[in-house]
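K.L.:
Just dropping this structure here.
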Amino acid sequence: GAVLPLACGAAHHAWCRVVNVSAPRASLLAAANGTAQSAAAAASAAARLYVGLALAVGSSIFIGASFILKKKGLLRLATKGVTRAGQGGYAYLKEWLWWAGLLSMGLGEAANFAAYAFAPATLVTPLGALSVLISTILSSYFLNETLNIHGKLGCVLSVLGSTVMVIHAPEEQEVTSLGEMLVKLQDPVFVTFAVVTTAVALVLIFIVAPKRGQTNILIYILICSLIGAFSVSSVKGLGIAIKQMLQGKPVYRHPLVYILVGVLVLSVSTQINYLNKALDTFNTSLVTPVYYVCFTTTVVTCSIILFKEWNSMDPGDIIGTLSGFCTIIIGIFFLHAFKNINITWKQLMSTVVKEPSLPSHEGDCCHTLLENMESPTSAHEEDNVLC
């Protein structure tokens with residue numbers, strides 16, 4: 001062991017030898033084990049994050065394709081003269097293309113369901129911009145819907161904004177049991193948010209939609225988006241229940257499970273109904289991006305309120321998240337506002353080539369103007385001629 005000198009007085013010294021070293025060794029071993037466990041936990045968290053990202057990307061692919069299949073089925077029904085979905089008809093239930101789209105959306109939602117169990121909602125939801133990109137590109141090929149240079153720029157901006165949001169995604173408060181989920185659902189702030197959201201959705205469904213749903217693209221989409229906030233919260237809660245069930249806990253005895261299932265079924269069925277109305281009434285390349293913006297806004301707001309995801313964020317991450325979302329909104333604006341402007345890359349380049357000849361004409365105009373200013377007599381004669 002170690003030998004330590006001790007001063008006992010002016011002329012005396014004592015030496016002490018440490019013999020028992022088992023305690024320091026135990027503390028060192030505990031520290032080493034703690035470091036190893038923290039490293040393993042970090043690696044496990046990173047692996048879960050990557051799994052969540054992969055599931056979110058796969059979900060976007062299936063959901064983006066589902067819009068095209070559903071729209072194709074609705075267009076086929078329109079040629080048969082049946083009552084359209086936008087007018088309250090349900091003939092699309094007999095169209096196999098619509099069912100293929102529903103199956104594709106079901107696979108996408110299932111992957112999305114699993115992604116929410118592995119990653120925060122504010123990380124999974126923004127990746128839905130990929131479905132906007134996929135749906136817009138596929139609609140230009142299979143539905144003969146034009147995608148001009150503004151639309152392509154909007155798609156790029158949407159993807160870039162989603163990437164920024166992923167980089168600055170917040171960490172949600174971990175909820176490991178249904179009891180903790182129930183406590184969060186009873187939070188007064190979330191209860192207020194849920195009541196206001198439900199009231200607005202009911203007003204849109206029963207008052208606004210029958211009058212303006214056929215002319216305003218936001219009505220049907222706002223209904224889907226507001227109800228979608230509850231579907232995501234239900235998915236998160238059911239994901240926790242599935243984890244506890246796999247651990248052997250009797251989650252079927254908890255009444256919250258049945259409440260979450262009921263809310264999920266009601267919200268998803270409402271979303272499907274009004275999303276079909278929007279797709280049948282308006283252009284797919286408009287419905288998809290506008291739905292994404294509205295849906296992402298409500299889901300992120302709900303996640304922030306319910307899981308307190310922004311409480312631990314730095315100001316830089318908050319600014320980055322908001323900047324990424326604003327970038328997405330700008331991209332959606334390009335897709336929506338300039339949709340009917342037919343500008344190709346060839347036309348844009350030809351305009352750039354012609355621009356160098358403009359300064360010479362401008363110089364001639366300026367030179368003529370100076371000459372007129374120097375000779376007021378000639379200018380007065382020209383005025384008389386014009387009169």
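Backbone N, Cα and C atoms are what each Cβ position is placed from, and that goes for glycine too.
Automatic, uncurated: that is what TrEMBL annotation is.
Here's the feature list from TrEMBL:
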type     : residues : note
TRANSMEM : 49-69    : transmembrane segment
TRANSMEM : 96-118   : transmembrane segment
TRANSMEM : 124-143  : transmembrane segment
TRANSMEM : 150-169  : transmembrane segment
TRANSMEM : 189-210  : transmembrane segment
TRANSMEM : 217-235  : transmembrane segment
TRANSMEM : 255-274  : transmembrane segment
TRANSMEM : 286-306  : transmembrane segment
TRANSMEM : 318-338  : transmembrane segment
K.L.:
So if I exclude everything within five residues of the ends of the transmembrane segment (286-306), which remaining residues of that chain have a CB under 8 angstroms from its CBs? That is, six or more out.
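P.N.:
Cβ under 8 Å, 6 or more out: 64, 67, 120-122, 125-126, 128-129, 131-132, 135-136, 154, 158, 170, 172, 184-185, 187, 189-190, 193, 197, 217-218, 221-222, 224-226, 228-230, 232-233, 275, 278-279, 325, 328-329, 331-332, 335-336, 339.
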K.L.:
Counting CB pairs under 8 Å, which listed stretch among 150-169, 217-235, 318-338 touches the transmembrane segment (255-274) the most?
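P.N.:
Top-ranked stretch among 150-169, 217-235, 318-338: 217-235.
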K.L.:
At a threshold of under 8 Å on Cβ distances, which of 189-210, 217-235, 318-338 pairs most often with the transmembrane segment (96-118)?
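P.N.:
Comparing 189-210, 217-235, 318-338 against the transmembrane segment (96-118), the winner is 217-235.
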